[in-house]
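Engineer: The feature NADP(+) binding site is assigned by Swiss-Prot to 48, 54. The FMN binding site annotation in Swiss-Prot covers 125, 126, 127, 238, 239, 286, 301, 302, 303, 304, 305, 327 and rests on sequence analysis.
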């Protein structure tokens, strides 16, 4: 199995399976001399960690990260950074019933068709457990980006229920189990998701990621576009079925005069970005960052691991009925919030290093 790495100069390779002894990643391309310890990475992993509310999987993992290489006395050396997270709460017996059955909506069938073998325990390599590695790598990326670039994400929709953007409050993100910026919507979601959970079903969600302080000039025309790399990175997250930048598909409903972000002023003598009248483009024009906030959204499908019987076939081709036991998220979009932040951080760090390599320090 190839394609376990992403990035160009800032390159991340993840490894491990859901029910293996450990998961981890190797981060290559991090410059030397950057302070980095486990304490810098752990808070982000704690945000993604399972079992923190009734609305996420009850699998209990500490997700304690260990730095195995690439630092000396708390500072990066410029060599590959290896990060490891132990798996401690696997329950493989829950998956015995699907060893010879394909779960509808999962990667079981396609993995078997491609490789002729699959690890059915918790989905193996296709499990969202792998995203813990991305979150760890994302914290290394944030150290490269520095404090001037802020990357934050929020859940803006669960199923048919969206937020009221007039109530958007970043301080509410950590005050509820949904990473929701609208406290009223968060209360409504709790009632709705309880109903979904008690039925043994699941529901999808939309995550919005906003990166502020991104300098102008990141990205390149045509095949090196910043937005195409962001879209690819976000689409690679488990269960993601759609990505949009800025207004995305809503841009198709606008006229040219409404969609074009007017440029109101050039930078003053103190520097800073150009001033725009709007940000329909999501901070990227022609594949290159404009200095405005970079805005992306991605849609997460409902997990197919549900207690409601579904029709399928077994490896022998015979019809079967599948009920997925085990511990699963009723809405995987919740824990995708820190994953989205991490992937945006990795892409921005990669493009920042690529820009420096071509143009030198700005």
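Every residue, even glycine, has its Cβ placed from backbone N, Cα and C.
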Engineer: Hey, how far is residue 127 (FMN binding site) from residue 54 (NADP(+) binding site), Cα to Cα, in Å?
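Structural biologist: Rounded to the nearest whole number, the Cα-Cα distance is 20 Å.
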Engineer: Hey, how far is residue 125 (FMN binding site) from residue 48 (NADP(+) binding site), Cα to Cα, in Å?
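Structural biologist: Each residue's Cα considered, residue 125 (FMN binding site) and residue 48 (NADP(+) binding site) end up 18 Å apart.
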Engineer: Have a look at the binding-site residues (127, 303, 305) and report the one with the fewest Cβ neighbours inside 10 Å.
Structural biologist: 127
Engineer: Could you state the whole-number distance in Å separating the C-alpha atoms of residue 303 (FMN binding site) and residue 54 (NADP(+) binding site)?
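Structural biologist: Between the Cα atoms of residue 303 (FMN binding site) and residue 54 (NADP(+) binding site), the distance comes to 16 Å.
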Engineer: Among the binding-site residues 125, 301, which residue has the fewest other Cβ atoms within 10 Å of its own Cβ?
Structural biologist: 301
Engineer: Fill in the CA-CA distance, residue 239 (FMN binding site) to residue 48 (NADP(+) binding site), as an integer in Å.
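Structural biologist: Distance between the two Cα atoms comes out at 16 Å.
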Engineer: How would DSSP class residue 125 (FMN binding site) in three states?
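Structural biologist: DSSP assigns residue 125 (FMN binding site) to helix.
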Engineer: Would you mind reading off the Cα separation of residue 54 (NADP(+) binding site) from residue 301 (FMN binding site), to the nearest angstrom?
Structural biologist: 19
Engineer: Are there residues of the same chain, six or more positions away from residue 48 (NADP(+) binding site), whose CB falls under 8 angstroms from its CB, and which are they?
Structural biologist: 63, 131, 132, 135, 335, 338, 339
Engineer: Would you find the one among the binding-site residues 54, 239 whose Cβ has the most company, meaning other Cβ atoms within 10 Å?
Structural biologist: 239
